[in-house]
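*Asks:* Got a structure for you, questions after.
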């Protein structure tokens, strides 16, 4: 029976020889600094929007609402569309940029796309540091968003393609680890700059984003591109030399031939986005889109964007709210390290399903405590219940950080066939940024309207996505990327139906 995989030949059980070489580790660490930049921008926005000098300069209406007692509900102090636009503008810009990034990852390569991202980042940081009015601030955020769009398109692909199969999951999660480190770094910076006298601490917070921006820009200049990308662009000998270098062995012929064949099939595809809609690619597309939607509807980015604002809403003082955000940021980093260790041992499904239970429980507890203790006009949270809320938020963040956080990026990047990979990653990033934008733009208004019920809302989504994972997401650990069709999709109780037509066509052509 002919194989049903991408390349039309039997490769079931293939294990390519590969050592874990220093160049792979170094390249992955450098590339993953794109996550550092993304994470810093996620963390810094919530911090500066809780600083009085920043609010007084750019959002005087919000400043007055937060300082005039009895004017607003506890849940509505920060409900302002302009303030939410400051946070969300980055993500709508990233959404637009990702379509151009899909083209550059195919035509110019993964490395060059990361360089473009770094340049956008640097321009955006400069505009934000020098901002004199809201328009200048938003334009800077738009440039940063373009960097996010290009970086989030290229980095997960780079990591998945350069890593040996047996540690692909762990190395790919370096991207998410850097996102969490970026968030923690931003929280620490915000905590420090809030103490600066003179009202310019927010400029330091926004300006220090230049450090990760510089790292990814310089890093992109020294990296080698992936063999997949080089072969895809017709540079076969260079691709073979890079493959030999990163695998640390001369026995790379089987993997090289498979990459060449996958590239040949990919070149037959004239329109990658149209190809993405073909029946054989629908399982990967459905899972990629669903993971991004679910990732945002866990409520994680609402908490990470607005952690200081959220804690201030619950009655924590300004410094205390920033300090609490630092705690959640540290939990985020440590829990992502847990994911790196276990993802290629326990697998993707175990982490996702365990986290579903943990996230659901923690959000229900938070919702009940807030419903009882925090009303529109009075806050009786107290130190005891305040600690419970912080612990439950940390419990929620930790479970997300070893599951939907990193795996929401890992699974799409490793499951699309080469001919649809750039387009698939583009759609993944696009959907992620679209729903990130929607949550960022709507969360403070939702908090005002739904109050404590917003945590019941997010917990319901956690329940839905846990059922989705249980029935529809197959295990992909230790499976070579080019063998996903044969070893995963053709074996799944539902998704194999989408592969049957493609198999019949393969049989007819042979």
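Cβ from N, Cα, C; glycine included.
Note that TrEMBL annotation is computational and uncurated.
Pasting the feature list from TrEMBL:
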type     : residues : note
DOMAIN   : 27-477   : domain 'Major facilitator superfamily (MFS) profile'
TRANSMEM : 20-40    : transmembrane segment
TRANSMEM : 82-101   : transmembrane segment
TRANSMEM : 113-131  : transmembrane segment
TRANSMEM : 137-159  : transmembrane segment
TRANSMEM : 171-192  : transmembrane segment
TRANSMEM : 204-224  : transmembrane segment
TRANSMEM : 285-309  : transmembrane segment
TRANSMEM : 321-343  : transmembrane segment
TRANSMEM : 350-372  : transmembrane segment
TRANSMEM : 384-411  : transmembrane segment
TRANSMEM : 423-447  : transmembrane segment
TRANSMEM : 453-473  : transmembrane segment
*Asks:* Please compute the mean pLDDT of the model over the domain 'Major facilitator superfamily (MFS) profile' (27-477).
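*Replies:* Averaged over the domain 'Major facilitator superfamily (MFS) profile' (27-477), per-residue pLDDT gives 88.
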*Asks:* Between the stretches 82-101, 137-159, 285-309, which one has more Cβ pairs under 8 Å with the transmembrane segment (20-40) than any other?
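*Replies:* Checked against 82-101, 137-159, 285-309; highest Cβ contact count belongs to 137-159.
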*Asks:* Using Cβ atoms and a strict cutoff of less than 8 Å, what residues sit near the transmembrane segment (82-101) while being 6 or more residues removed from its termini?
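*Replies:* Sequence-distant neighbours of the transmembrane segment (82-101): 41, 45-46, 49, 58-59, 61-62, 113, 116-117, 120, 134, 137-138, 141-150, 152-154, 305-306, 426, 429-430, 433-434, 436-438, 440-445.
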*Asks:* Per the 3+ Cβ pairs under 8 Å rule, pairs at least 6 apart in sequence, do the transmembrane segment (171-192) and the transmembrane segment (321-343) touch?
*Replies:* yes
*Asks:* Which range wins on Cβ pairs under 8 Å with the transmembrane segment (204-224): 137-159, 321-343, 384-411, 453-473?
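*Replies:* Comparing 137-159, 321-343, 384-411, 453-473 against the transmembrane segment (204-224), the winner is 137-159.
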*Asks:* What residues elsewhere in the chain lie close to the transmembrane segment (384-411), defined as a C-beta under 8 angstroms and at least 6 residues from its ends?
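*Replies:* Same-chain residues near the transmembrane segment (384-411) but 6 or more away: 152, 156, 160, 169, 172-173, 175-177, 179-180, 287-288, 291-292, 294-295, 298-300, 303-304, 311, 314-316, 324, 327-328, 331-336, 338-340, 342-343, 348, 351-352, 354-356, 358-359, 361-363, 365-366, 369-370, 373, 428, 432, 465, 473, 476.
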*Asks:* Would the transmembrane segment (285-309) count as touching the transmembrane segment (137-159), if touching means at least three Cβ pairs under 8 Å and pairs must be 6 or more apart in sequence?
*Replies:* no
*Asks:* Counting only residues 6+ away from its ends, which parts of the chain sit with a Cβ under 8 Å from the transmembrane segment (113-131)?
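*Replies:* Sequence-remote neighbours of the transmembrane segment (113-131) are 31, 34, 37, 58, 97, 101, 104-105, 137, 139-151, 153-155, 158, 203, 206-207, 209-210, 212-214, 216-221, 223.
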